[in-house]
Amino acid sequence: MSSNSDLNDIILHMQHFTWADYLLFIFMLVLCILIGIYFGFMHKSNTEAEYLMGGRNMLVFPVALSLIARFFISGITLVSLPTEVYSYGIQYLYVIFGVITMGFIMGYIYLPVFHNLNITSTYEYLESRFNRNLRMFGSIMFVIMNIGYLPIVIYVPALAFNQVTGINIHVITPIVCLICVFYTCVGGIKAVVATDVVQTFSMFGALILVAVKGTMDLQKDVSVFEKAWSSERIEAPIFDINPTIRHSFWSQLIGGAVYWLQTNAVSQNMIQRYLALPTLKAGKRALWIFVVGVSILMCICAYNGLLIYATYEHCDPLTTKLARRKDQLFPLFVMHTLHELPGLTGLFVAGVFSAALSSLSTCLNSMSAVVLEDFVKPFTKRPLTEHTINWVMRLVVVGVGIVCLCLVFMVEKMGSTVLQLTMSLEAITNGPLLGIFTIGILLPWIGSNSALLGGIVGVIVMSWISLNAQWAIASGALSFDHKPMQVDQCHYNFESVLNSTINAAPVKPTIIEDVFPLFKISYMWYTALGAVVAIIVSIVSIPIFGRNNPNDVPQELVAPFLRKMLFNKNEMKSNDKVHEVQKSLSNNSVGKKQPSSSNTDILSPFNATFFIIFTNDIRNYDVF
């Protein structure tokens, strides 16, 4: 029997989805449909506020679980993080320190500003702080990023499903996409959050199940951690400040914190959930539940990566091509581990698709909010009726879902290199956007023209760096070392495309000197670099466009601690201007809570001074 047929026989043997597996997978999809029916017809969202923001009265724990589910975008993290640890070790796991740092920064600076304004689209803030041009710039970047990324959200888990079942991806993707569009369209954010809760438990269950069963299958004298330590997959952080190191402690701490900050603080997909909570304190609680939950999930994923190495220590599936792509390594391990137990493989696939459905529904709901608030309402002469608003939001969900489903065909044709290029769009757009929001919240002396120039230059610079870096990686001009992998005890014949020796040595970095230095920078710095470029360009352009008077910036639009500093040094802004901004935000937002005299009364200079200096110190600086 030829080597290829041996490999194919093994793969076909593992592609065994039993009736129990299908039953579990279908049950998860049906449950999502039932949730959509419940919130769409039995507990219907009749108003814009209920559909987009859940009436701003949602519970902390379900929203926190929805945030966690959003983190496992499209199942990519669920599938790729174990492979990352298997190939490169646990250096990426030190990003947890960056996640914790992000929690403090967001809780103290960004979240209080957005929550107290009661906005629906985060880009409404840009119009209030700067002008409509900045708002449109931010909204356009958001739409471009999501339309480019959502096809991958649908495609990647379908690829995993294809590996464990053999079913063509174009059979499953339309079904899953239509189900997601249905419950998002009819149920709104309440249905999205409710399904996210179910899907989060499904993700936890899938990961823990694989970890427990995989550990039990190892021989009693085999230690996962001892093998990981001897192969240098468990190692101390790299404290080298060299920015070209793929994962160092500083890139994970600083670059990771900035990346997670843009994901949580200025992304409409995430901030919309924080704003659906009734109070700032509730938002901070959800934030810290998210930080803890994400950290736990990353640790479980990392352990599964170490477990994969302990299982395949002497027969690397990537070298033998038993797993033809890195993203297929974890699904392969799942098939190897769970194929003898009916239903468990189905539970894992349900977990992967749960992550995909969560991300897709989140983005669809957020897209409907942004399109309505930033592209429809500003251009209508008369206020829209609730009936018209409901139809607009639902049509946006359906339209975006159809477009993304069609783009799946393009993603398949373009291949894995384009997957990396498409994912880099996040850093290209969100880095400069984070810079613009940071300018608005922390640098009140920078005006709209300077901020817009900084954002545009940031997008151009990051496009140049990110796309060229991806091209260098795809062409082989730039590569990174992986940990030792062996194929000396394989029990099947294979044809190694590397034509290497039986004991494969670690692959050292191959960096061609012709690669421009900026293209060698670790991708973990991309978001921070985009934000820094936007901020620096904005500051440098002040002599050209002029310096903004901080007193012209309403107090609600800057960070709480900065309000105190400015008001101690400068004359407080006139009550008329503050009232004008509050009125503008109220007209452009939905579901605005009635302000209480204890913390939002700004109708007199005395009350404004008193409550900003004292109330904000007590409430807004409370991390929990």
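Glycine is treated like the rest: Cβ placed from N, Cα and C.
Quick look at what TrEMBL annotates:
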type: TRANSMEM; residues: 20-39; note: transmembrane segment
type: TRANSMEM; residues: 59-80; note: transmembrane segment
type: TRANSMEM; residues: 92-113; note: transmembrane segment
type: TRANSMEM; residues: 134-161; note: transmembrane segment
type: TRANSMEM; residues: 167-186; note: transmembrane segment
type: TRANSMEM; residues: 287-312; note: transmembrane segment
type: TRANSMEM; residues: 347-372; note: transmembrane segment
type: TRANSMEM; residues: 392-411; note: transmembrane segment
type: TRANSMEM; residues: 423-445; note: transmembrane segment
type: TRANSMEM; residues: 452-473; note: transmembrane segment
type: TRANSMEM; residues: 523-545; note: transmembrane segment
type: REGION; residues: 577-599; note: region 'Disordered'
type: COMPBIAS; residues: 583-599; note: compositional bias 'Polar residues'
Cβ pairs under 8 Å between the transmembrane segment (92-113) and the transmembrane segment (347-372), at least three: no
Long-range environment of the transmembrane segment (134-161) - Cβ separation under 8 angstroms, sequence gap at least 6: 73-76, 79, 121-124, 126-127, 167, 169, 172-173, 176-177, 267-269, 325, 327-328, 330-331, 349, 352-353, 355-356, 359-360, 363, 366-367, 370-371, 374-375, 400, 403-405, 407-408, 410-412, 419, 422-423, 425-426, 429-430, 432-433, 436, 448, 451-452, 455-456, 459
Which of 20-39, 287-312, 347-372, 423-445 contacts the transmembrane segment (392-411) most, counting Cβ pairs under 8 Å: 347-372
